[in-house]
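Enquirer: Please see the structure below; I have some questions.
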Amino acid sequence: MIPFNAPPIVGTEIEYMQSAMASGKLCGDGGFTRRCQQWMEQHFGSKKVLLTPSCTASLEMAAILIDIQPGDEVIMPSYTFVSTANAFVLRGATIVFVDVRPDTMNIDETLIEAAITEKTRAIVPVHYAGVACEMDAIMALAQQYKLFVIEDAAQGVMSTYKGKALGSIGHIGCFSFHETKNYTAGGEGGATLINDASLVERAEIIREKGTNRSQFFRGQVDKYTWRDIGSSYLMSDLQAAWLWAQLEAATKINHQRLSLWQHYYDALQPLADSGRITLPSVPADCQQNAHMFYIKLRDQQERQALIDWLKEAEILAVFHYIPLHSSPAGKRFGRFAGDDRFTTPESERLLRLPLFYNLSDNNQHTVINSLLSFFS
Ligand SMILES: *Cc1c(COP(=O)(O)O)cnc(C)c1O
């Protein structure tokens, strides 16, 4: 069986985890956490990076940090993972869904302004497949209407927009280190990127159960006390050790993924030229990270036929995201602004192919050959 995904493993994870064990400190904010955070601050140009248990936790932290209140509205695409919306619904917000662009499946920046009301507090661009949203347009709108921008960069680690790292452009950025993402912290993990210096102090307090424990450990205060609402949003240092192994190999992992991506693209180009499938597109200003390789089929029926065909050849290909506005919770907690021109029809055509760091050339050839034979 060729799996759809396998967690990235570079080989040095065990050694670093053993070193974390030997350090006698496994809880959050240990040596490996500090190394990972500093590495990301330097590489991605963020004021403060905080490791968290997941991107879901990072999004929840962000919603608390920008003080989302019941009745506030938050704008995002409907074509995304549930956590993007849930984090804000947990604070009582109403989600306002905006259609996606068919070329990137990212929120259509030209439709955002019409969705803004006096209740709007934030825009949450989701960088689908690690390809950037049109951030200049989104940041300009945010400035004009005094809104926060929280980037859901779960899929965008190591991608850039006009040379800037995804996650470092909005006021806050959220990364995922889940095993299905490009880099993992031993299966689960995340990071919150605080790019607005005025938010850093409160972010640390929210992450430490609402206390100023981080300042205490830096010797900035004599004792720590309960200061604010908060939760436990720390990553274990044992997981940070695993993540450190992956960050050290970040460029190698990125190159390998990009090369697999390009291989799919070149091999399937003839099918796109003859109009049988649509290939993904990456705008000129965006350097992607090959988080995903997807194709678009004619319709849902053809997609199912291809999934069955691949399964017959012991290859797992999957689709995802039933648009949130058409799900039971999405109907309860949100509304669609404008028309659903592309979200539903494009999501029904999309199919993801196996793409992961340890995918062998041989197995990739098998996938490509099986695809080509389906169409011939
Ligand atoms: C994976 C993903 C998440 C959730 O990440 P976790 O680390 O599993 O919580 C959120 N948003 C998007 C767009 C994702 O792809």
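Including glycine, each Cβ sits where the backbone N, Cα and C put it.
Small disclaimer: the values here were computed from a predicted structure and weren't measured.
I grabbed these lines from TrEMBL:
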type: MOD_RES; residues: K181; note: N6-(pyridoxal phosphate)lysine
type: ACT_SITE; residues: K181; note: active site, proton acceptor
Enquirer: Mind giving me a neighbour count for K181 (N6-(pyridoxal phosphate)lysine)? Other Cβ atoms within 10 Å of its Cβ, every protein chain shown.
Expert: 23
Enquirer: For K181 (N6-(pyridoxal phosphate)lysine), which of the three DSSP-derived states applies: helix, strand, or coil?
Expert: coil
